[in-house]
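As structure tokens, the structure follows; a few thoughts come after it.
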Amino acid sequence: MSNTQNPNIHCSFCGKSQDDVKKMIAGSDVYICNECIELSTRILEEELKEEQDSEMLEVKTPKEMFDHLNEYVIGQEKAKRALAVAVYNHYKRINFTASKIAEDIELQKSNILLIGPTGSGKTFLAQTLAKSLNVPFAIADATSLTEAGYVGEDVENILLKLLQASDFNIERAEHGIIYIDEIDKIAKKSENVSITRDVSGEGVQQALLKIIEGTVASVPPQGGRKHPNQEMIQIDTKNILFIVGGAFDGIEEIVKQRLGEKIIGFGANNKKLSDEDSYMQEIIAEDIQKFGLIPEFIGRLPIVAALERLTEEDLIQILTEPKNALIKQYKQLLLFDNVELEFKDGALMAIAKKAIERKTGARGLRSIIEEVMMDIMFEVPSHEEITKVIITEAVIDGKAEPEMIREADKK
């Protein structure tokens, strides 16, 4: 291309002559003036900005996320707040990176560690958040993972689950959330948690480190072990949010020991927790390291949130209040057969007590109700005369049968 001085030449786009513009660029039988070039550049820049803006994720505020969690999750206020802020900052970071506002600033990922007893709602919290954000979500069990050379799953199979959840849309998967449960089980095998650490467990932690901190991983599309000549899917994990959780049974003793030593060494100015207080809320990185997680792994999980053990009152609320409350679900199932279902207060309390006795927390509630409801749901559809079923405390304890009210009984 070149500039030309022929006054008879006109711009092929706007029609202006050589004399009306500063520059005229010649191509193969076409000409374009400097004004059209400037206009085209502005149009391209605007279109690129629109594309960039469309790539930015719509992020709910921490308050909006917290309110959404409150609709489904009872209690755990501190954990819900910590999660909402961490998730908000994570997706704000992705948008910040996409906007290229400040290329000289690098924001680190806010991966999260949830510590709490079985059935306290760790998995459900992560699942509910992902659903509210409309991002792909996958759950993995750390106990099924092994390092290279051992029988078991490669850590890359976690990413395969996320790809499957996103219908193999790699771009969506790269903005998803992965929850890894039972992370405490790869920390140790010995009961003496402060001295011995399981070697293969440490190997799994090392393998997880790479994908958690951000890397381009090769994922076998069919799962299983990787082998030569197998086609791989490349997925960048730098924008995937990892939430890991575990019960960390016994970590309270490590916290007690640390706090006790401080009191002996520095006098009464240090805080001493009473038996009623939750030591879980006092956990720091040092305690988690003593439990058996390696420092590098802990360093990739900057947000630590402790969940409290659920009380009877919490479990009763879980049964009755959330949008997806189990009692509401069972009532609706029977309502499809025009039958009213009533759980007496004593029955709800008995269900909660059983869950606490079994140490299953909220996740054990459904199985307790199923034990009672199975026969009812089997019989009711065959008896059109039944209009109401009443469940009492004695029914839950196996000492009585459910009360069935029939149409004839009302007359």
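Cβ atoms are placed via backbone N, Cα and C, with glycine included.
Per Swiss-Prot, Zn(2+) binding site is recorded for CYS11, CYS14, CYS33, CYS36. Neighbours of CYS11 (Zn(2+) binding site), defined as other CB atoms within 10 A of its CB across all chains, total 21. In this structure, CYS11 (Zn(2+) binding site) belongs to neither helix nor strand by DSSP; it is coil.
Classification of GLY121 (ATP binding site) by DSSP places it in coil, neither helical nor stranded. Counting only same-chain residues at least 6 apart in sequence, those with a Cβ under 8 Å from the Cβ of GLY121 (ATP binding site) are VAL73, GLY75, GLN76, LEU307, LEU310, GLY361, ALA362. Under the heading ATP binding site, Swiss-Prot lists PRO117, THR118, GLY119, SER120, GLY121, LYS122, THR123, PHE124, citing sequence analysis as support.
What Swiss-Prot records for 1-52 is domain 'ClpX-type ZB'.
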Protein Cβ atoms within 10 Å of CYS33 (Zn(2+) binding site), excluding its own: 24
For CYS33 (Zn(2+) binding site), the three-state class that DSSP assigns: strand
Sparsest-packed among the binding-site residues, when each Cβ's other Cβ atoms within 10 Å are tallied, from PRO117, GLY119: PRO117
Overall pLDDT for the domain 'ClpX-type ZB' (1-52), taken as the rounded mean: 80
